[in-house]
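Engineer: Below you'll find the structure I mean.
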Amino acid sequence: MAIHFSAPVEAGTTAYSDKITLFVVLSCVTAVMGGVIFGYDIGVSGGVTSMEAFLEKFFPAVYARMRGDTRVSNYCKFDSQLLTAFTSSLYVAGLFATFAAAPATRGLGRRPTMIVGGVSFFAGAALGGAATSIYMVIVGRVLLGIGLGLTNLAVPLYLSEMAPPRYRGAFNNSFQFSIGIGALSASLVNYGTEKIPGGWGWRVSLALATVPAFLLSLGALFLPETPNSLLQQGGDPLAAKRVLQKIRGAADVDAEFDDLVAAADASRGIRRPFCQILRREHRPHLVMAVAIPFFQQVTGINVIAFYVPVLIRTIGLGESTALLSAVMTSVVGSASTLISMFVVDRVGRRALFLAGGIQMLVTQVMIGGILARQLGDEGGVSRGYAYLLLVLIAVYVAGFGWSWGPLGWLVPSEIFPLEIRSAGQSITVAVNFLFTFVVAQTFLAMLCRMKSGIFFFFAGWLVAMTAFVYWMLPETRNIPMEQMGKVWREHWFWKKVVGGSQGADPKMNDLS
């Protein structure tokens, strides 16, 4: 069964089948459960660290400050390295797991990597829900991190390789959409479990992460491997072509298959892909593999995602309101990512990057300004300003949800040639985990010392990343992955690095 949509054709692009088949949709729906487990963890971490029963059991010093130590500044009540270690230990484990994931996705395939990642996440969630000491909690977080390190590398690659080129943006953005759905689910679970008598609701919140992990592991057993991966592993070309015909819903896939075979032949000649990515012709890929995930983290989004309940409690609202605010931001984030899925292949990546960056910049400055004027070391802000802050946070999350959120995963996953694709994506995920760890580990201490200035700090980075996109990132809309090299050869700057083509289009860098 195939559903056919028309799409604008890029000049100079080889015609591939643009059918969206039911088979590829079901495969991708299963794969994006990897995004759900990532989003659920982000949402559940911020929620349980604002639950009094959880803090009292594992972080009694923080609990005592929160309950009314007037000697401690509003900005410093949650400043605890042990508390941030609860959040950030996952990302340290994920950072190291990504380097194991690169040879696994290259040699074993995308599908087995997703299965192992799901099993590891399941074990970590079960251990966290059953924890009786902080050590059990941290070990559970490490297992969760290993699972996320594997799945966050494999799933975006799987989605980009399975999707028709003309709709690759929408399919890959479903990963960020599923992250939003996971975060929303966690926020709703937290809001409900906080009301469970006896103070054990946090156990339910942590343990329910086993559900998406189980669905990913089970579903991945029935997924096909991507044709790109089958050829890269030296599999039967006819079998790979049959898979391609099935996912494209067409018998004539010769043009796309020939490109895949050529890319696979080049890939098998590369023995050390991490050395290959350092070559001059791959310099723009390496820059994007580092810069895009770095900038994604210094938007400040994980500050909001991890700590929005903590921030809301900081300005004086109660526990239930704080958890409900996390539900609100999750709904906004999911809705804006859904919008991005429908427009990214029409308006392009650059337009969304730039619009979202400006939107986040304005709201970060406004949030910082209100806190600087209204929130001192003691007391709180008025209820009116508190709700205005909630609205601004929602606008900020919307800006991230249709720009740096989904595109921070999409663009790196689609720009690498096959011979360095696993290595490049590994670097992207590792940088993402590294700076997620840095931001998570330092935010509460920075909030304590910089106070409202922390929001101007992230606003400065938003200026830098928006300028970087405007000048340095070419448009990749509707370009087949195996033909992506031309965007660098036609870019005003990168053509000087990789060697430009004659008659490069000076408008290649335009928003359209």
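Note: Cβ is positioned from N, Cα and C throughout, glycine not excepted.
Curation plays no part in TrEMBL annotations; they are all automatic predictions.
Pulled these features from TrEMBL for this protein:
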TRANSMEM  20-40  transmembrane segment
DOMAIN    27-477  domain 'Major facilitator superfamily (MFS) profile'
TRANSMEM  82-102  transmembrane segment
TRANSMEM  114-136  transmembrane segment
TRANSMEM  142-159  transmembrane segment
TRANSMEM  171-192  transmembrane segment
TRANSMEM  204-223  transmembrane segment
TRANSMEM  286-310  transmembrane segment
TRANSMEM  322-344  transmembrane segment
TRANSMEM  351-372  transmembrane segment
TRANSMEM  384-405  transmembrane segment
TRANSMEM  426-447  transmembrane segment
TRANSMEM  453-473  transmembrane segment
Engineer: For the transmembrane segment (322-344), find every same-chain residue at least 6 residues outside the stretch whose CB is under 8 Å from a CB in it, and list them.
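Structural biologist: Distant Cβ neighbours of the transmembrane segment (322-344) are 43, 46-47, 50, 169-170, 173-174, 176-177, 179-181, 183-184, 186-188, 190-191, 194, 304-305, 308-310, 312-313, 352, 390, 393-394, 397-403, 405-407, 410, 477.
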Engineer: Report, as numbers and ranges, every residue of the chain located at least six residues beyond the transmembrane segment (142-159) whose Cβ falls under 8 Å of a Cβ in that stretch; write 'none' if there are none.
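Structural biologist: The answer is 28, 31-32, 34-35, 37-38, 41, 89-98, 100-102, 104-105, 110-111, 113-114, 116-125, 127-128, 171-172, 174-175, 209, 213, 216, 226, 409-410, 412-413, 421-422, 425-426, 429, 432-433.
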Engineer: Compare 171-192, 204-223, 351-372 by their Cβ pairs under 8 Å to the transmembrane segment (20-40) and return the stretch that comes out on top.
Structural biologist: 171-192
Engineer: Among 204-223, 351-372, 453-473, which stretch has the highest count of C-beta pairs below 8 Å with the transmembrane segment (384-405)?
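Structural biologist: Of the candidates 204-223, 351-372, 453-473, 351-372 scores highest.
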Engineer: Relative to the transmembrane segment (351-372), which of 171-192, 204-223, 426-447, 453-473 accounts for the most Cβ pairs at distances under 8 Å?
Structural biologist: 453-473
Engineer: Average the per-residue pLDDT over the domain 'Major facilitator superfamily (MFS) profile' (27-477) and send me the rounded value.
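Structural biologist: Overall, the domain 'Major facilitator superfamily (MFS) profile' (27-477) comes to a mean pLDDT of 84.
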Engineer: Sequence-remote contacts (6 or more beyond its ends) of the transmembrane segment (171-192), Cβ cut-off under 8 Å?
Structural biologist: 28, 32-44, 47-48, 51, 155-156, 159-160, 162-163, 201, 204-205, 208, 212, 305, 309, 320, 323-324, 326-327, 329-331, 333-334, 337-338, 340-341, 344, 401, 405-410, 413-414
